[in-house]
Amino acid sequence: MLDLLKISVTGDPSSGKTEACQVFEELGAFVISADKVSHSFLVPYTSEGQRVVDLLGPEIIVENTLNRKAIAKKVFGNRDLLLSLEKILHPGVCRFVEENYTQVVQAQKYSLFVVEVPLLYEIQYADWFDRVILISADTEIRKERFLKKTGGSDTSFDLRCARFSSLEEKILRADVVIENNGTKEEFRHKVKQCFKALKGTI
């Protein structure tokens, strides 16, 4: 049985990673969002959730779940707390991804295995994947998207971006770079072309 190509989609905040993954999923790929997996741990009764409460305090518990806005307020702008939070969540995310890969290969029904990992290089996870796709967009365009989607502030955008390594460094390391400065239709077309190229390498 041939192994399924492992693809990571990464990029800076609001670059278009999720949209790219949606296109891949529409075309028959199995897709995992690392952020969604980490968010699933943010409940008090998981081992990760309890460690997050121990780290940040019981005030982050709201209606029997861990309030992501309260967590963000505490960790963005405090690098030590942010790194400690990542050390709690990321091992579980990687474990989930790798366990799912084994199951998806056995299912033999998907064209690619795609994982959206925003902090791929920052957590040293790139080597596990066969290909890395970097989604790139100008800072002002990304900021506009972020503000429109979240209703957040320029400061909250800047604080999130501060955790990411430089775009130039990631461009040098990625296998494929897809620019997303134009329309949604233009971007989706580029992702579809990328999918075809990846399928051609199998």
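Yeah, the Cβs are placed from backbone N, Cα and C, and that goes for glycine too.
Taking Cβ-Cβ distances under 8 Å and a sequence gap of 6 or more within the same chain, the neighbours of Glu19 (ATP binding site) are Asn180, Lys184, Phe187, Arg188, Val191. Swiss-Prot lists Ser14, Ser15, Gly16, Lys17, Thr18, Glu19 with the feature ATP binding site, giving sequence analysis as the kind of evidence.
The domain 'DPCK' annotation in Swiss-Prot covers 6-202.
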Q: Could you check the binding-site residues Ser14, Ser15, Thr18 and say which one's CB has the fewest neighbouring CB atoms inside 10 Å?
A: Thr18
